[in-house]
Amino acid sequence: MKRLRDSGYLDNLSTCSSDLYPHLPPHQPSHAAQYFATIAATMGAMAVGSVTGYTSPAEVQLDKPTITTTPSTLTYTNTNTINSTSWLPLDSIQSSWFVASPFLGAAVGAVIGGVAINWVGRRTTMLASFPLFLINWVLVASAQNFWMLVSGRLVAGVSIGLTCTAVPTFIAECASPDIRGALGSTFQIMLAVGVVYPLALGTLVISWRWLAVLSAIPAIVHFGLVFFIKESPIFLMAK
């Protein structure tokens, strides 16, 4: 009970819940802890969006160019990939796997996440997604071949599944009824922000390797913030 009291999320208990648990101490409503917890959790949504948003600007640079020669001209259909230090390249089938692999991993991650949030908790599941996000970006940024790229993207998919399972559950359980809808909507908002983030960086013609490095920032911030928040009150009560 002390862990629940210290969590700062007691505001999310409704009047009905208070009737069911009369032994809970009286408290003054304060939404500050809930706002901070929501910001921390939804940085995970931005990390998810960064993985999906990274695809478009990176794919343009990674796609294998078609070279057409004439007696007087040499034409490339994709001039962004001519730099041999950043060009792998990917053919059309490999490019399709590059795009789709996170979603395959997400299906696995969602199954694992559904078990993990009840076993180790919502907060711990969010923390566990960070090493997977990091492995993804390290593999992608340092990729020397197609298999490194796809392996990283598959691992990212698992972290996406974990995050998309844990974060909405955590927010719903931590938010008091009067702000639950508003806080719940922030997941989708931050997901959209995450998608736009690498797309905006891509307009600066950043190398796909450096774009991967910068796309890791939301996941790092997510981990740093979640480290300082408490577990969901519903999970604490269940334990």
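Numbers here mean position along the shown chain, with the first residue as 1.
Even glycines carry a Cβ here, placed using N, Cα and C.
Over in TrEMBL, the protein carries these features:
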- 33-239: domain 'Major facilitator superfamily (MFS) profile' (DOMAIN)
- 35-55: transmembrane segment (TRANSMEM)
- 97-120: transmembrane segment (TRANSMEM)
- 127-148: transmembrane segment (TRANSMEM)
- 154-175: transmembrane segment (TRANSMEM)
- 182-200: transmembrane segment (TRANSMEM)
- 206-229: transmembrane segment (TRANSMEM)
Stretch contact, the transmembrane segment (182-200) with the transmembrane segment (97-120), Cβ-Cβ under 8 Å, 3+ pairs: no
Beyond the flanks of the transmembrane segment (206-229) by 6 or more, those residues with Cβ under 8 Å of it: 33, 36-37, 39-41, 43-44, 46-47, 49-51, 53-54, 57-58, 61-62, 86, 123, 126-127, 129-130, 133-134, 137, 140-143, 159, 194, 197-198
